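Student: Mind looking over this structure? Questions follow.
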Amino acid sequence: MTVPDNDPEQLRCVAESLATEAAAFVRCRRAEVFGTDLGAAGGGAVRAKSTPTDPVTVVDTETERLLRDRLAQLRPGDSILGEEGGGPADLTATPADTVTWVLDPIDGTVNFVYGIPAYAVSVAAQVDGVSVAGAVAEVVAGRVHSAASGLGAHVTDEYGVQVLRCSAVDDLSMALLGTGFAYSVVRRAAQAALLAQMLPVVRDVRRIGSAALDLCMVAAGQLDAYYEHEVQVWDCAAGALIAAEAGACVQLPKRNGPVGGAGLVVAAAPGIADALLAALQRFNGLAPILD
């Protein structure tokens, strides 16, 4: 069966279905591959990617393969960009109105390896390099966050479907701020120095370990704001849309060129967005962080 409709709501339904199925697969495969013990998993199931601290597991690659197989059945004419399997070099250069699916089979792989229950499957549909639908499925909790352009965001869990709205906070000093760190040692040091300057101007800071979940937490009002440098498109393609459709102010990197040009992502409740950007600007936090 194929689903040819490019309507955002139809694409959202596909994203939800794919993310939900993939999350169930990840849940089962973790127990099969790593057992039920918590703590870091080792052996041949884990290897390093960009740095020794940047892991990828056999479950990442298997899950992306599952997602690609399902999309080949449902959307055979669409392009696919996956964290593990690659895809179009420039998402803005695909033919007009072509749908590109942006996949992160496990966002939060370090958490996954250590048995920390903050990792998710992220599936987004983009047209001309802009997300129009997306879903983020929390593997352990079973929640599925989703959005479609212009149609709002919601979360589905054991209690049903709830509309997502970001927080109403209007004072940066009372904001709970999320952030994350790159894998490069040099970049991490610079990010830590920036965070040390940001910490006194907000209520407190959380580091969840999954950009997709950070953005969904902004959408749900569980974080008031989030910023992170060097975020890849597959990390934020679905979550940023979900946050924006929940009312957050979202700033994304300009991606005019080859994929891999990661950049700064900011999402904040509208009442503190300007103040957050001003604080980041004051500490030179809007500039790229390079090796």
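Just so it is clear, glycine is given a Cβ too, placed from its N, Cα and C backbone atoms.
Annotation source Swiss-Prot lists substrate binding site at Glu83, Ile106, Asp107, Gly108, Thr109, Arg206, Asp235. The Mg(2+) 1 binding site annotation in Swiss-Prot covers Glu83, Asp104, Ile106 and is backed by similarity to another entry. Taken from Swiss-Prot, the feature Mg(2+) 2 binding site covers Asp104, Asp107, Asp235, and the record attributes it to similarity to another entry.
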Student: For Gly108 (substrate binding site), list the number of other Cβ atoms lying within 10 Å of its Cβ atom.
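Tutor: I count 27 other Cβ atoms within 10 Å of it.
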Student: By the DSSP assignment reduced to helix, strand and coil, which category contains Asp235 (substrate binding site)?
Tutor: helix
Student: Distance between Asp235 (substrate binding site) and Asp104 (Mg(2+) 1 binding site) at the Cα atoms, whole Å?
Tutor: 6
Student: Given the binding-site residues Asp107, Asp235, which one has the fewest other C-beta atoms within 10 angstroms of its C-beta?
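Tutor: Minimum Cβ neighbour count within 10 Å, taken over the binding-site residues Asp107, Asp235, occurs at Asp235.
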Student: Return the residues near Thr109 (substrate binding site), defined as same-chain residues 6+ apart in sequence whose C-beta is under 8 angstroms from its C-beta, sorted by sequence, else 'none'.
Tutor: Pro55, Val56, Thr57, Asp60, Tyr119
Student: So for Asp104 (Mg(2+) 1 binding site), how many other CB atoms are inside 10 Å of its CB?
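Tutor: For Asp104 (Mg(2+) 1 binding site), the 10 Å Cβ neighbour count is 34.
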Student: Of all the binding-site residues given, Glu83, Ile106, Arg206, which has the fewest Cβ neighbours within 10 Å once its own Cβ is left out?
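Tutor: Result for the binding-site residues Glu83, Ile106, Arg206: minimum number of other Cβ atoms within 10 Å at Arg206.
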Student: Provide, as an integer number of angstrom, the distance between the C-alpha atoms of Arg206 (substrate binding site) and Asp104 (Mg(2+) 1 binding site).
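Tutor: On Cα coordinates alone, these residues lie 22 Å apart.
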